[in-house]
Amino acid sequence: MPPAVGGGLAGSELRPRRGRCGSQAARAVGPDVATEATARSPKRPAPSSRRFEAPGRWALLALVTLMSFATRFHRLDQPPHICWDETHFGKMGSYYINRTFFFDVHPPLGKMLIGLAGHLSGYDGTFLFQKPGDEYEHHSYLGMRGFCAFLGALLIPFAYLTVLELSQSLPAALLTAALLTFDTGCLTLSQYILLDPILMFFIMAAMLSMVKYNSCANRPFSAPWWLWLSLTGVNLAGALGVKFVGLFIILQVGWNTVSDLWHLFGDLSLSMVTVGKHLTARILCLIVLPLALYTATYAVHFMVLNKSGPGDGFFSSAFQARLSGNNLHNASIPEHLAYGSVITVKSARMAVGYLHSHRHLYPEGIGARQQQVTTYLHKDYNNLWIIKKHNTNSDPLDPSLPVEFVRHGDVIRLEHKETSRNLHSHYHEAPLTRKHYQVTGYGINGTGDSNDFWRIEVVNRKFGNRIKVLRSRIRLIHLVTGCVLGSSGKVLPKWGWEQLEVTCTPYLKETLNSIWNVEDHINPKLPNISLDVLQPSFPEIMLEAHMVMIRGNNGLKPKDNEFTSKPWHWPINYQGLRFSGINDTDFRVYLLGNPVVWWLNLLSIALYLLSGSIFAVALQRGARLPAEVEGLSQVLLQGGGQLLLGWMMHYFPFFLMGRILYFHHYFPAMLFSSMLTGLLWDILLRLCAWSLASFSLAGHVHTLGILSLLLGIAYSFYLFHPLAYGMVGPLAQDPRSPMAGLRWLESWDF
């Protein structure tokens, strides 16, 4: 049998290490295979070479890290204006510095870290971040960009160490590092004030920690085992705390954990007590610890953002009462609703606002030509309604009459305070929503007809209960038609002042569209209480925040003529994303992956599926493979399988999403495909060298193959680097452009 060549896995590197934690590659091939491989290999490393192996690894890691930081921090100050989504996340960092409450569809950790980086680097939170292209001028923005670049630069050494642990091959780790270092897309995403480098940092850190604690399986419950297991939990909390797509790495770690526990359960040499300890350790470190840290980020989030701001209207009235500067903060109003009270009624649906009316009528041909009823996001006198009994016109505020509270199931009228017209519905069709009924203001001085009668119901309460301001969730059911008052969320045309449509839906399904709560409440006959006693608890606040974020994510639909992309576009690098500039006088930055890297990754996934299938079938059928080949095949299947699973977990779920998607959503998956490429090509070249071992130059096949790939990747970066670092002057179609001749696809818009 010819010996292994290239200093690879099939020789000395397959022997289990005598360290604190054994290598994953050595465990993957098993002691018998490793021993046989060692026996067959005529050349063993001399003691002196082994002495230099560890320093060599550290030197290579230092070189990789240096290159990563050099590429990410080069020209970090350019351009000195807002680029793409910096307008969102830079502004949110400012909100944290100013302690102003805001709403975003993502969890808070990433924005908190951006705000902290800005604060520590001297940014005072006064820049407005209004639109892309606005100059930063004297404002300190490099601290926030530098923080994101720092985390983006760490992705490369993390990927290097992950592949090194999975394969025990320096060339595979070095090739992975080169793929990510010289990818223009990863470089671009790392240089701006964005959530993506923060998210990818936690994903890669979780992956590295998981691989490290797997490698300590031969020393369970040792200090390194506990350290890496705990760090995995910490990084899982970080990934989910930045974006909800951090759930994908949680699923991968969960799958790995379940598989690991299943094998431990099948190991009859372990007692059930030991298996129980393993299970308990994973519950503590991978469930309890991440949940505690994730909850802690929200505790800090709500503690810091204690001032009223642009996010108030997305949340319930009870939530708003805790924000300094909000009109409900430290307010005192009657607690329970009574007849004669002047109230405002707010929709439970995010960004819908208050039940509103004004003197303008619906135009001719839009149902009955009666007074418009809409919802309006802002505080206004036209949001005020008087709650009255349906069957009497007596004044409930008459001092001689006793106070009568409104209860669940009562039939009421709502009289608009400014116009004295009643909230009314009938069988005419709503303006925009078909099969819904029109809602209008009708009558004179509170006198109307039976179509003004509504039954008030408290959601999930029994008959007879009083209605509490802020906290009670109510529905208004029209007595004549049986429909439910709600807001469709659709924007009315200019005749409706672009406010939101209110309808009465005959479909009685309980949705947020048809749920309301009483916010402002004025009644001189009732004692006031401080709204502090009605403020929600922390679990209620956290639950509401998640419901609002989930609804916000689901509401991110593509608008007309808005640029989006589809998941099948991403792996083929079909279309990039313009970060800055549109003409030959602008500083232009274009997010596009290095095509050589991306297309090599795509080819590698196909080759992996082919070669992995061949080896899996051969091993399953009991084929007698040479020791070197069997060792490499086990690393390919187990180490490569982890990376392929990571790519699939971070890519395929996007096909199921109905929300708007962009090219940058693919980059976490791209990290895994690059690691798979590094591991795969190292193994393929080793197998090629092994099969040609009878030829004199066979020993150089692996080395030449790796060097060729490294040089090709570096040269492609030289060609495409202006996309990431920016360019000014002629566009790509001009022969004088630095990108002339490099627009290989018509869909590349640089």
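Note: Cβ is positioned from N, Cα and C throughout, glycine not excepted.
Since this is a predicted model, take the numbers as computed values, not measurements.
Residues annotated as compositional bias 'Gly residues' in TrEMBL: 1-10.
The annotation region 'Disordered' is assigned in TrEMBL to 1-51.
The transmembrane segment annotation in TrEMBL covers 170-192 (among others).
As annotated by TrEMBL, transmembrane segment applies to 198-214 (among others). Packing against the transmembrane segment (198-214) from elsewhere in the chain are residues 21, 24, 109-110, 113-114, 148, 151-152, 154-155, 158-159, 161-162, 165-166, 189, 224-225, 228-229, 231-232, 235-236, 238-239, 241-243, 245-246, 249, 252-253, 256, 260, 642, 646, 650, 667-668, 671: each is 6 or more residues past its ends and has a CB under 8 Å from a CB in it.
As annotated by TrEMBL, transmembrane segment applies to 226-255 (among others).
Sequence-distant contacts of the transmembrane segment (279-300) (same chain, six or more residues past either end, CB-CB distance under 8 Å): 107-109, 112, 221, 226, 229-230, 232-234, 236-238, 240-241, 250, 253-254, 257, 261, 538, 541-542, 545. According to TrEMBL, the feature transmembrane segment maps to 279-300 (among others).
What TrEMBL records for 334-390 (among others) is domain 'MIR'. Using DSSP to sort the residues of the domain 'MIR' (334-390) gives these counts of helix, strand and coil: 3 helix, 28 strand, 26 coil.
Here TrEMBL flags 403-459 (among others) as domain 'MIR'.
The DSSP breakdown of the domain 'MIR' (464-521) into helical (H, G, I), extended (E, B) and coil residues amounts to 6 helix, 27 strand, 25 coil. Annotation comment: TrEMBL describes 464-521 (among others) as domain 'MIR'.
Taken from TrEMBL, the feature transmembrane segment applies to 596-619 (among others).
The transmembrane segment annotation in TrEMBL covers 631-654 (among others).
The annotation transmembrane segment is assigned in TrEMBL to 666-685 (among others).
Among the features that TrEMBL reports, transmembrane segment is placed at 697-720 (among others).
Outside the transmembrane segment (226-255) by six or more residues, the chain places 106-110, 195, 198-199, 201-203, 205-207, 209-210, 212-213, 216, 281-282, 285-287, 289-294, 297, 549, 553, 645-646, 649-650, 653, 665, 668 with a CB less than 8 A from a CB of the stretch. Proximity of distant same-chain residues to the transmembrane segment (666-685), defined by a Cβ-Cβ separation under 8 Å and at least 6 residues beyond the stretch ends, is recorded for 6, 8-9, 155, 159, 162-163, 166-167, 169, 171-177, 179-180, 183, 185-186, 189, 196, 199-200, 203-204, 245, 248-249, 567, 570-571, 593, 597-598, 600-602, 604-605, 607-608, 611, 632, 635-636, 639-640, 643-644, 646-647, 650-651, 654, 701-702, 705-706, 709. When averaged over the domain 'MIR' (334-390), pLDDT in the model lands at 90. With a threshold of 8 Å between CB atoms, the same-chain residues lying at least 6 positions outside the transmembrane segment (170-192) that come near it are 6, 8, 56-57, 60, 64, 67-68, 71-72, 76, 83-86, 145, 148-149, 151-153, 155-157, 159-161, 163-164, 200, 579, 589-594, 597-598, 600-601, 664, 667, 670-671, 674-675, 677-679, 681-683, 702, 706, 709-710, 713-714, 716-717, 720-721, 723-724.
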